[in-house]
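Per TrEMBL, compositional bias 'Basic and acidic residues' is recorded for 507-516, 524-534. Among the features that TrEMBL reports, domain 'Major facilitator superfamily (MFS) profile' is placed at 48-485. The region 'Disordered' feature in TrEMBL is assigned to 507-534. The feature transmembrane segment is assigned by TrEMBL to 43-65, 85-105, 117-135, 141-163, 175-198, 204-227, 296-318, 338-356, 363-385, 397-420, 432-450, 462-481.
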Amino acid sequence: MATQEKREGPRPIVPIIPATDDTVSRLVAQDYTPWYKKPNLRLLYLLFFPTCIGVEMTSGFDSSMMNGLQAVDSWDLFFHSPRSALLGLMSAMYSLGALVALPFVPLVTDGLGRRKTIIASSLVMIAGAVIQTTAHNFVQFILARFILGIGIPFAIVAASSLIGELSHPKERAILGSLFNSCYFIGAIVAAGATLGTFKMQSNWGWRIPSLLQVIPSALQVMFCFFLPESPRWLISKGRGEEAYGILAKYHAEGDHESELVKAEYVQIEKTLELEKETSRVGWMDLFRTSGMRKRLIVGSAVGLFTQWSGNGLTSYYLARILDNVGVTDNRTKNLVNLASTLWSFVNATALALTVSRFKRRTCYLICSISCLLVFAAWTAASARYSIDQGQAASKAVIAFIFLYSPAYNVAYNALTYTFLVEIFPFHVRAKGITIFQIFSRAAGFFNTFINPIGIKNAGWKYYLMYVIFLAFEVVFIYFLFPETSGRTLEELAFLYEEDEAKKVKERVEHDIKEGHTGPSTKHAIRDEDSLDKA
């Protein structure tokens, strides 16, 4: 790759930027050029899709594939019609693998960097998908799902962090919201695959969908080599020149004199410095202060809420739910699975592109209340069917399944990782998202193992547990969720700590006035070839 001439480091900025703590926010608000008219930023966002944003395709593929395989006769025959606890174990091994891996996620993500972690975890998931495809018995199949589960949390934590830390501040919230909506791209492919193979008499009827699970991870491995590293991670490792060059290339189209880039660099650097002063960056740091404990409670709650809101029923056991309302034809089950997945993708994407403009707490309240109302109606319709086996009640259950999708996606899908990146400051971000993953995966393991048992033994009465928990979610969100919209990550770093926020403001003001921006006045910006390798 051709290199460009090295330029001198950024000249001191003249004090024309008002010295306030929201300098970056105001400079971003003054930028009226859309991202698609900025070649470097456009390339970055295009790279996000097969790499960072595409990580969720793996999760979506897995849940939809397990849903669809239950309506594939060759899979059902090969594994001797697993039901109840055995079926729950097959699905839950994915979450169990993630739980085992989670304590090591922050160490790897903060040590190797975001990009290398995505590559390494994707290779693990490719190995798991290959073992799953070649499974000759029940034990090998669940071992493969355990390996797949080990890989996914590393990729999710690294990718969600990288999106938040590398995106232009103007599009950060939208890209964070799109992260979860890509779950449904993988789910659509899996649902289409099982619909296309469910009539096959050979074992390839279930092996083909398993083999296709390699695709999302393979895309991440191939395209991550073209993706830059997180500027915040680079600065934290003393590689300020590279970080400044990346910010200039993608946030200012190569303009190293950009006031936005200089202000961003100062804000990131000073925030990281103060975080290091006030933190030992250990696991106990999450419990050390009142503000951190509040973040921990909210992050843990989000992990539980995203799994215990009833979504686990349709994600893994739609076929069994349809059995309970008189839908027993495998083709119909696969069609409903594909249709609901397509509908979920459409509304999740639309919501991801819009809800980030609104207040986070308000969206979470709308989401939880909507889920409560829809799920209560779904439970009532299921109860009615158990009484008279009427077609009207059966169709109502299917309708409520479709209505539930946008109700859930308003916040639990569209805002989850955006919100997590915002509430946890950089030095504990990987650990914070890992805590979220621990609660999410633990709840997911409980769901996937217990749900088939509950559906079989209690029928519609099992759904009452979710109705009660959804009511609790509404109350919890109303009283404890903070508002994070409209501010940069550095402005949110001390969301609960007013004194530290004032210190950051004073330091940023001082450095902007004095012109202390960029890695150093004597540093030269790395050439373009070096930046591409970063």
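Cβ atoms here come from the backbone N, Cα and C positions, even for glycine.
No curator has checked TrEMBL annotations; they are predicted automatically.
A mean pLDDT of 90 is what the model gives for the domain 'Major facilitator superfamily (MFS) profile' (48-485). Among the stretches 175-198, 204-227, 296-318, the one making the largest number of Cβ pairs under 8 Å with the transmembrane segment (117-135) is 204-227. Sequence-distant contacts of the transmembrane segment (462-481) (same chain, at least 6 residues past either end, Cβ-Cβ under 8 Å): 294, 297-298, 301, 305, 308-310, 313, 360-361, 364-365, 368-369, 371-372, 375-376, 378-379, 382, 451, 454-455. Within its own chain, the transmembrane segment (397-420) is flanked in space by residues 160, 163-164, 172-173, 176-177, 179-181, 183, 299, 302, 305-306, 309-311, 314, 318, 321-322, 325, 327, 336, 340, 343-344, 347-348, 351-352, 355-356, 360, 363-364, 366-368, 370-371, 373-375, 377-378, 381-382, 385, 432-433, 436, 484, which lie at least six positions past its ends and keep a Cβ under 8 Å from the stretch.
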